[in-house]
Amino acid sequence: MSLCRCSSICLRRPILRSFNFLNKYIDQSQHSGGLSSFQRLSFSNTGKNESTDDSNQIRCDADKTAADKKKQKQKEEEQAKIREYKRECLKVQKRVLAEEIRCSGEKDRILIQGMMKCLTDGMKKACTKIAKAKLIADKELAVQCAALSKKDKVKALLKKCEREKSKEKECNQNSPAEGDKDRTKKGKTKGKSGGGNKKRSTKENRAKKGKKLVKNRFTQKLEHCIKSEWADVCECRQNFTEDERKRLAASYKCMGTKIKSICRKRVIAEMCEAAGYVKSSEPKKKGKKKKNDEKKEKELEREILKEQAEEEAKIRGVVKEVKKKCKEKALKKKCKDLGRKMKEEAEKKKCAALAKKQKEEDEKKACKELAKKKKEADEKKKCEEAANKEKKAAEKKKCEKAAKERKEAAEKKKCEEAAKKEKEAAERKKCEELAKNIKKAAEKKKCKEAAKKEKEAAERKKCEELAKKIKKAAEKKKCEETAKKGKEVAERKKCEELAKKIKKAEIKKKCKKLAKKEKETAEKKKCEKAAKKRKEAAEKKKCEKAAKKRKEAAEKKKCEKSAKKRKEAAEKKKCEKAAKERKEAAEKKKCEEAAKKEKEVAERKKCEELAKKIKKAAEKKKCKEAAKKEKEAAEREKCGELAKKIKKAAEKKKCKKLAKKEKETAEKKKCEKAAKKRKEAAEKKKCAEAAKKEKEAAEKKKCEEAAKKEKEAAERKKCEELAKKIKKAAEKKKCKKLAKKKKAGEKNKLKKGNKKGKKALKEKKKCRELAKKKAAEKKKCKEAAKKEKEAAEKKKCEKTAKKRKEEAEKKKCEKTAKKRKEAAEKKKCEKAAKKRKEEAEKKKCEKTAKKRKETAEKKKCEKAAKKRKQAAEKKKCEKAAKKRKEAAEKKKCAEAAKKEKELAEKKKCEEAAKKEKEVAERKKCEELAKKIKKAAEKKKCKKLAKKEKKAGEKNKLKKKAGKGKKKCKKLGKKSKRAAEKKKCAEAAKKEKEAATKKKCEERAKKQKEAAEKKQCEERAKKLKEAAEQKQCEERAKKLKEAAEKKQCEERAKKLKEAAEQKQCEERAKKLKEAAEKKQCEERAKKEKEAAEKKQCEERAKKLKEAAEKKQCEERAKKEKEAAEKKRCEEAAKREKEAAEKKKCAEAAKKEKEATEKQKCAEAAKKEKEAAEKKKCAEAAKREKEAAQKKKCADLAKKEQEPAEMKKCEEAAKKEKEAAEKQKCAKAAKKEKEAAEKKKCAEAAKKEQEAAEKKKCAEAAKKEKEAEKKRKCEKAEKAAALKRQCAKLVIRAKEAALRKKCAIIAKKAKMAAEKKECEKLAKKAKEAIEWKKCAKLAKKKREAEKKKCAKLAKKEKEAAEKKKRCKDLAKNKKKGHKKKGRNENRKKRTDC
């Protein structure tokens, strides 16, 4: 509501009151009796007020009830207004919805029908909010109107009083004498009339003593009325100017008299109405005011129409918002429903696929079992046949071998004698060669050990020299060359790694030799198992491949069928949707064109009305612009304050950054110090680790040497035991021979006699001498072993003593280094504390200087900003007025054009998206075909490579097996047969694969040709669509360019203003930065000078410390070198002595071994000769004894038994004694060996524990890396499985796509023919629809014309009614009665 409307409404009340006063005066002139009755009432307060308190309470209660009733009525009226506003709002919203539904397509209509509940609820809520807002606005307006009416009323009274005063002054100036006469006459008349009134009043009061309430009620109402009027005057006085207040104060008495007269008339009228006396009144004619009222009413009507249009626009906006919300809700519901359906369908598909897979697996298992049974039966038959053949061949071979053996037996006998001689000579040579080899091996080992020691010593010296150089370079170049440290550390690591690698390589070589021997034995066993497993694996692979091919073929067929069905259904749906969308688009275009024409007519009318409104709005805008300028000025001041705050914040940030940098520098220094400490500690650890490794390597060597010695000793013992056994066997044989000879000699005692006794004695002496020699040799061996043990223990003790000394020296060096570091760190900390204090003082000075500069700069900026604001505001006001006029007209035209373009673009985008999807699907088909070909080729290559590898491995195994026993040969033959069979099968497979390749290539060619045809068709379609899109884009560009030009002009203006402000700010910043730079340069100079002084002092200190350190290091080096020289000399002496001892011991051992070998060889020769003699003698004896046994058996037995018994007992005793001695010697040796082993085991345990700790750390790292690798491998395996599955799926899809592509090609042809038919049909339909749209447009225009005519008639009728009402008000008769203000208002509103 505008102020004009408020003033017009509020001015009606004083006009109505003037009518009421005139009516009252007319009633008083007509009804004299009524007036006399009123004059009888006493209007003075001379009478006594004898009213009671009870009556007052009753009146108060009545007033309260009346107030409550008024409140309830107000509430009911408000609710009724809200309902009416709601109804109006809903009517408008329904009308807007109906228009949208009428102009929208089928899809939108269906959507709106589905959203009706949501729309109705949203519209109702919006209408309630709008109605409440209107009611609040009406209340505010009523308050404003009441205030205006009061002001008008008071001003009217003021004017009346001023007029009366002016008239009185004129009268007093013209006729002062007449005024005196009139006063005397009036006084007389007043006296008479007053007396009569008094008398009447006294009589009436006496007659009406019971009617005291009338007086009290009249006085109360009159006082209440006067108070309310004066309260209105006081309220209005607050809003008056000083001149008006002075005028009011001058006319105070006049106002009081007029208020009393008005209140008396009002109270009398009210009491008369309550008593039933109603007086009629006729308003006087006032022609001048009627014309003003008519003009105001017309203006009010126009404003009302404007407000209605604005309300309708708001309601339409509300409807759009509600629609958007409802659409979003509907879309969410649809998405949820679709998601549920998709999940259900996916679950069903999964269940079906699982069921199919289970069936297929069951079928495959059954097929596999049948195939296995058949294969087993075939294999059994083959094995039986092969066994029969082998038996026959074996029997033949046995027969042949028996014949050959008989022949060879005769030949062997002849050759055995010659072979024996040759064997003896060969054995002698072998023994000699073995002795030589043993000597060479021992010498080589000694040389290797000496070379190793020399290498290790050289490496240690190198490492020590490098460490010395590194320390010197690090102390000199700590500040200058930090990069060199990394290089030196890298060199150290390389040295250590090389040393580790050399040790590991040596250990690996030994391990490889042992592993080779074990592998050879294991490979022989594996040959047999591998041959069997290969046969089984080959058979299983064949079965699995056949089963896989069957599965893949079945899956492909199923996938192809399902994919065909899905694609056909999808294509049908697409075609149906495209047809529907085309129809809807055609209908929308028709409706839009009809609507455009109607809009153009309506817009022309609106433009004419807007031109009028713009003029009025221009005047209002001027007022608003003035207010805006004030606001902008206030905002600029705020901006200036914000800029100041921002500057302060920026300066604070700078200070914080500087503080952070200082902290970071301090922390960096600490970190560098800590890094240095860590590096030094790491270097120490490395040195300690290197020393430990050297110790461990030395101990390992000792253990290995001890193990070698134990092995050699064990081998010697075995040789000795063998020799003893051979000797015992030879002695036994000799004893037997002697016994036999004795038997024969006893027979010939009579002949030979004493000769045989002498020979026996000689032989006994020889045996005794041999036993003595053996015992002496044993003693010598024991003594040599003891000496060797003692020498080894001495070496161990010397090495441990050396290690302890070295460790003690290292600890001393570490302690001295720690003390020096701590002293250096303390000095650094003190320097850092001094720097911090100086920096804190500098910061304080900087802050004070900054504050002073900021205050000076702020004042300058404020003055410049004020001048710019004033100039800019003037320009803005002029430009804004022009822009608003032009923008209002352009926006309407641009919005209409934009809506049309958006609709057209949406349709084209949808069609283009559909075509792009089809093109993408075809491309996928082609890519899948290519991938399948590549995958098939890769698999074939892999299979061929695997076959070649298997064939190579089999050949190697065959070669190894050929070297083995006869069993390996038999297995090799079988494996060859199996390999030949496999080769034949593989050749057949290759032929099959080549055939399948050819088929696949032919299919691919056909598919390529079909794909190329499709691509040509799609390209033609795309070209057409691109041409259409270009046209649309060009049109859109032109419209955009026009809109952008306007925006650019506006932006340019804004940028200019912003640029001016930025320039001011930049100038201020530059001045600040220049001042800050100067300060910073001065401070930097001072800091540099102070830093240079400190650096000089620090360098001098460092040079002194370095010189002292060098002296200490040189002394330490000299002492170390002297100590090392002494140690080396002592170690060299000990090594020489030990080497000489070893040589002596080895020489003694070699001599012993040579003698023992000779004895063993001689004993072996004798045993062979004895064995040969025995055979010959036994053969002769058997022939002779056979004849003599019967004769001499009894005599020989009796004579030989006692002599043989004695000899056997003596031999048994000797054997027992020798066995016991050997047992004792063995037990002593075992005890010593066990003691030595314990020592070695303890040392080995310590070494192992240290090694295990390192290994644990390394193993932990390796495990982490291994876990990562495992995860990667698992992921790769999973990815490989997925790829395999994807390949199978791709193959199935490709096969399906091939078929579908052929179907699509056919359908494309059919679709092209259908499109031509559809185009013809569309043209016919469009012609029919154009006619329909033209008819509809005509009907709409005619209907709108009729509506306009009806509205014009209604307006005329309303104007005529108003005229009639006014005429009726004028021509009312005097006898009509009034019933109060409310009834008069109702009558006027009814008119």
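Even glycines carry a Cβ here, placed using N, Cα and C.
These come from Swiss-Prot:
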REGION    170-213  region 'Disordered'
COMPBIAS  184-201  compositional bias 'Basic residues'
REGION    280-300  region 'Disordered'
COMPBIAS  291-300  compositional bias 'Basic and acidic residues'
REPEAT    348-363  repeat '2'
REPEAT    364-379  repeat '3'
REGION    370-429  region 'Disordered'
REPEAT    428-443  repeat '7'
REPEAT    492-507  repeat '11'
REGION    516-577  region 'Disordered'
COMPBIAS  517-577  compositional bias 'Basic and acidic residues'
REPEAT    540-555  repeat '14'
REGION    729-881  region 'Disordered'
COMPBIAS  729-765  compositional bias 'Basic residues'
COMPBIAS  766-881  compositional bias 'Basic and acidic residues'
REPEAT    828-843  repeat '32'
REPEAT    892-907  repeat '36'
REGION    900-922  region 'Disordered'
REGION    934-1013  region 'Disordered'
COMPBIAS  934-949  compositional bias 'Basic residues'
COMPBIAS  956-976  compositional bias 'Basic residues'
COMPBIAS  977-1013  compositional bias 'Basic and acidic residues'
REPEAT    988-1003  repeat '42'
REPEAT    1052-1067  repeat '46'
REGION    1076-1095  region 'Disordered'
REGION    1104-1212  region 'Disordered'
REPEAT    1132-1147  repeat '51'
REPEAT    1180-1195  repeat '54'
REPEAT    1212-1227  repeat '56'
COMPBIAS  1353-1370  compositional bias 'Basic and acidic residues'
REGION    1353-1391  region 'Disordered'
COMPBIAS  1371-1391  compositional bias 'Basic residues'
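Using a cut-off of 8 Å between Cβ atoms, the repeat '14' (540-555) and the repeat '3' (364-379) share at least three residue pairs, counting only pairs 6 or more apart in sequence.
Sequence-remote contacts of a segment are chain residues at least 6 beyond its ends whose Cβ falls under 8 Å from one of its Cβ atoms, and for the repeat '56' (1212-1227) they are 724, 728, 778, 782. Here the listed stretches are 517-577, 977-1013, 1353-1370, and the one with the most C-beta pairs under 8 angstroms to the compositional bias 'Basic residues' (934-949) is 977-1013. Note on the repeat '46' (1052-1067): DSSP counts are 16 helix, 0 strand, 0 coil. For the repeat '7' (428-443), the model's pLDDT averages out at 78. The DSSP breakdown of the repeat '56' (1212-1227), given as helix, strand and coil counts, is 16 helix, 0 strand, 0 coil. Residue counts for the compositional bias 'Basic and acidic residues' (517-577) under DSSP, split into helix (H, G, I), strand (E, B) and coil, are 61 helix, 0 strand, 0 coil.
Residue counts of the repeat '3' (364-379) by helix, strand and coil are 16 helix, 0 strand, 0 coil (DSSP-based).
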